[in-house]
Amino acid sequence: MNQHEQNQLRCGVVVLVSGRGSNLQAIINAVRSGRLPAEIRAVISSEPGAPALARARTAGIPTYTIDHREFATREQFDQALMRRIDACNPRAVVLAGFMRILGNAFIDHYAGRLINIHPSLLPAFPGLNTHARALQSGASHHGASVHFVTHEVDGGPIIIQAAVPVLPGDTPETLAERVLGEEHRIYPLAIRWFLDGRLSVEGGRVLLDGQQRPEQGLTHQETAHSDTPETG
Ligand code: NHR
Ligand code: GAR
């Protein structure tokens with residue numbers, strides 16, 4: 001196998017979306033600027049007409065819609081998704097605002113290479129409506145978590161988190177926007193770590209270069225910035 005073929009095996013990514021696609025856009029931008037050595041082989045949406053699909057097309061990435069409403073069962077939807085993904089032979093499968101809970105057969109099939117970004121500081125606020133729930137709780141900080149996906153929804157090992165302050169007068173929308181800025185920073189970085197083979201999981205915790213990062217569970221702007229020059 002030559003170098004090019006090895007890279008192809010190493011760097012293929014499929015992104016699953018359901019909506020706006022701003023995280024997809026951050027990943028596309030990171031690939032374009034050379035910060036993320038990846039090949040986005042396909043973007044697959046569970047929702048016809050998701051704005052994320054237009055972003056992918058604009059970037060020249062093949063798009064597919066697998067509308068969950070067209071399947072009688074969740075298992076059948078998952079199977080259709082798996083067939084489409086496997087045709088792309090990706091190294092990593094990345095959920096970016098993907099809104100359908102995936103069944104165990106799907107999770108097992110992609111174990112160790114399925115990654116999600118969730119808009120809260122897990123384990124706080126798994127599930128939906130995280131920003132409103134964070135505000136309601138009176139928390140001083142909120143944020144986002146990138147994690148490996150396991151059977152337990154939003155419960156898999158955490159790769160990186162970033163925190164933002166909750167500010168006086170915040171609404172779910174203003175808080176979401178502040179969190180989103182951090183999502184766009186940490187997701188390409190986490191995917192890069194994964195594709196570079198720098199992540200491992202031991203005892204349910206993620207190691208970077210074989211080390212448990214002392215900041216795990218907290219924001220760590222230093223690490224992120226030293227690896228990833230900010231491009232705005
Ligand atoms: N699947 C598994 N097995 N494990 C995880 O950790 C998953 C997952 C699928 C999606 C993303 C997650 C998030 O980051 C995610 C993680 C959707 C729901 C949900 O309740 C919950 C968590 C996440 C995504 N979805 C409803 C459902 O019935 C539909 C909601 C809707 O369409 O608006 O699937 O938050
Ligand atoms: C992001 O905040 C992402 O973390 C969250 O939805 C938003 C999608 O935005 N994901 C979930 O809530 C998954 N259930 P985007 O489509 O612009 O990336």
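Glycine residues also receive a Cβ, built from the backbone N, Cα and C atoms like all the rest.
A TrEMBL annotation is a machine prediction, not a hand-curated record.
Annotation note: His118 (active site, proton donor) sits in a strand segment as assigned by DSSP. Taking Cβ-Cβ distances under 8 Å and a sequence separation of 6 or more, the neighbours of His118 (active site, proton donor) in its chain are Pro126, Thr130, Ala144, Ser145, Val146, His147, Asp154. For His118, the entry in TrEMBL reads active site, proton donor.
Feature annotation from TrEMBL assigns N(1)-(5-phospho-beta-D-ribosyl)glycinamide binding site to Gly21, Ser22, Asn23. The DSSP secondary structure for Asn23 (N(1)-(5-phospho-beta-D-ribosyl)glycinamide binding site) is helix. When Cβ atoms from all protein chains are considered, those within 10 Å of Asn23 (N(1)-(5-phospho-beta-D-ribosyl)glycinamide binding site) total 25, not counting its own.
Look at TrEMBL and you will find Arg74, Met99, Arg100, Ile101, Leu102, Asn116 tagged as (6R)-10-formyltetrahydrofolate binding site. Counting Cβ atoms from all protein chains shown, Met99 ((6R)-10-formyltetrahydrofolate binding site) has 15 others lying within 10 Å of its own Cβ.
The compositional bias 'Basic and acidic residues' annotation in TrEMBL covers 222-232.
The annotation domain 'Formyl transferase N-terminal' is assigned in TrEMBL to 13-191. The average pLDDT the prediction assigns to the domain 'Formyl transferase N-terminal' (13-191) is 98.
According to TrEMBL, the region 'Disordered' annotation covers 210-232.
Asp154 (site 'Raises pKa of active site His') has a Cβ environment of 19 other Cβ atoms inside 10 Å. Positions annotated as site 'Raises pKa of active site His' by TrEMBL: Asp154.
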Practice item. Might you list, by sequence position, any residue in that chain lying six or more from Arg74 ((6R)-10-formyltetrahydrofolate binding site) with a Cβ less than 8 Å away from its Cβ? Key: His68, Arg100, Ile101, Gly103
Exercise for review: Enumerate same-chain residues with a sequence separation of six or more from Gly21 (N(1)-(5-phospho-beta-D-ribosyl)glycinamide binding site) and a Cβ-Cβ distance below 8 A; give 'none' if the list is empty.
Suggested key: Val43, Ala50, Pro51, Ala52, Leu53, Ala54, Arg55, Ala56, Ala96, Gly97
Study note, to complete from the structure: Should one count Cβ atoms within 10 Å of each candidate's Cβ, the binding-site residues Ser22, Asn116 would be headed by Asn116
